[in-house]
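Engineer: The structure that follows is given in the form of structure tokens.
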Amino acid sequence: MKISTLAVVSAFAVTAIAGPVRPDGIGSDKYLIELGPGETQWVTKDQKHHMRAAGKTFIDITDEFGSGFTTTEVVPANYPKSARHASLIKPLIANLSKENLMRDLTTLTKFNNRYYESDTGVESATWILQQVQKIIKDSGVKGAKVEKFTNQFKQFNIIATIPGSSKSTVIVGAHQDSINSKSPMKGRAPGADDNGSGTVVILEAFRNILKSKAIQAANATNTLEFHWYAGEEGGLLGSNNIFKKYKADGRQVKAMLNQDLTGFTNNGKPEQLGLIADNTNQQLNEFCKMIVKQYASIPIVEAKCGYACSDHASAHRNGFPASFVAETSYRNTNPYLHTDGDVIANLNFNHMLEHAKVVLGFMGELAMAPNL
């Protein structure tokens, strides 16, 4: 275990507490981050931003200091080896709309930024919440709901639920926040790719899965959740809060798919999807490969992105099987991330449709999977 700033870090907590505890000599301006299993460091908020700008990934675990957090055995799951519900899912895929993606992303990128501690970060989250509320109302699906999951910072998480007949839960998530690494609070951060693209992809998938006859008839075996996370750019803050809570509550999360960066295609080079192979669940990754082969039109290749590179890591460290399908084989190919240049003009909406196909395939197949 690597310890810095003269602090002895002995344990972590399951759930966030009202006021983070800090050891003697560590001021309120310091945050505890985890850069790898057992590798922790106390840093300032500015240092966190500089580390993210330099490509260093981590989880902010300040709220876990001194409270006995332990890793958990992975929740067991039994994934289908082949697609069994193409007749239900392919009509939904055919109804996916590139125009919806463009419209929603245009609105989302008009906020000055979606930084998790800024007023516009709250305004953008409120806009997403309102879209989800409208989608549910228009669908007429009984039992479908959306709620806020609040954090200790301004921006809130959003959780939409489609109930199934079992307690087993399948999740797709995307972080909603954006950041300008040079000026986090006030700087322009349209965040079109990072991660407006993932935000609107799962919004469009949610819009269409509610049109499923099986969902409308309440025939889903497993509960589905769509998550929009706050504060990813601060160290996976919102997603870690959720999955710590789910762990403490004994939730049976059988699968989590992360959608972060879904629109950049590396200047016209052959398109592919990137399946992140590190800090993910191998069995679920194999299921993702099958889903891509069955429902997408481009190939998938394995890649690595390091510890805590995105919100799937929050599920993974809390014992829930997680996968991450990104836009390319190498996560950082988009040179505009965390700048005012991360704009819609750099994105490929056809590529984003491929991600939406994968999300619908993933959620549709697992919604109906028996004995998951």
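Glycine is no exception: its Cβ is also placed from the backbone N, Cα and C atoms.
What Swiss-Prot lists as Zn(2+) 1 binding site is His175, Asp194, Asp260, and the listing cites similarity to another entry. Taken from Swiss-Prot, the feature Zn(2+) 2 binding site covers Asp194, Glu233, His338. Per Swiss-Prot, disulfide bond is recorded for Cys305-Cys309. Swiss-Prot lists Asn95, Asn195, Asn219 with the feature N-linked glycosylation site. The signal peptide annotation in Swiss-Prot covers 1-18.
How buried are these features, and what lies next to them?
Structural biologist: There are 27 other CB atoms within 10 A of the CB of Asp194 (Zn(2+) 1 binding site), with all protein chains counted. According to DSSP, Asp194 (Zn(2+) 1 binding site) sits within a helical segment.
According to DSSP, Cys305 (disulfide bond) sits in a coil region rather than a helix or strand.
Long-range neighbours of Asn95 (N-linked glycosylation site) (same chain, six or more residues apart, CB within less than 8 Å of its CB): Asn208, Lys211. According to DSSP, Asn95 (N-linked glycosylation site) is assigned to coil rather than to any helix or strand.
Neighbour list (Asn195 (N-linked glycosylation site), Cβ cut-off 8 Å, at least 6 residues apart, same chain): Ala174, His175, Gln176, Asp177, Ser178, Glu232, Gln259, Asp260, Leu261.
According to its DSSP assignment, Asn219 (N-linked glycosylation site) is coil. Around the Cβ of Asn219 (N-linked glycosylation site), the number of neighbouring Cβ atoms within 10 Å comes to 14.
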Engineer: Inside 8 A of the center formed by the CB atoms of His175, Asp194, Asp260, which other residues of the chain have their CB, for the recorded Zn(2+) 1 site?
Structural biologist: Ala174, Asp177, Gly191, Asn195, Gly198, Glu232, Glu233, Leu261, Ser310, Asp311
Engineer: Given the recorded Zn(2+) 2 site (Asp194, Glu233, His338), which additional residues of the same chain have their Cβ within 8 Å of the Cβ centre, ordered by sequence?
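Structural biologist: So the additional residues around the site are Arg52, Asp177, Ser178, Ile179, Ser181, Ala189, Gly191, Asn195, Glu232, Leu337, Asp342.
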Engineer: Rounded to the nearest angstrom, how far is the Cα of Glu233 (Zn(2+) 2 binding site) from the Cα of Cys309 (disulfide bond)?
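Structural biologist: Cα-Cα distance, Cys309 (disulfide bond) to Glu233 (Zn(2+) 2 binding site): 10 Å.
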Engineer: So of all those recorded positions, Asp194, Asn219, Cys305, which one's Cα sits nearest to His338 (Zn(2+) 2 binding site)?
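Structural biologist: Nearest by Cα distance to His338 (Zn(2+) 2 binding site): Asp194.
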Engineer: Whole-number answer please: how many Å between the C-alpha atoms of Cys305 (disulfide bond) and Asp194 (Zn(2+) 1 binding site)?
Structural biologist: 15
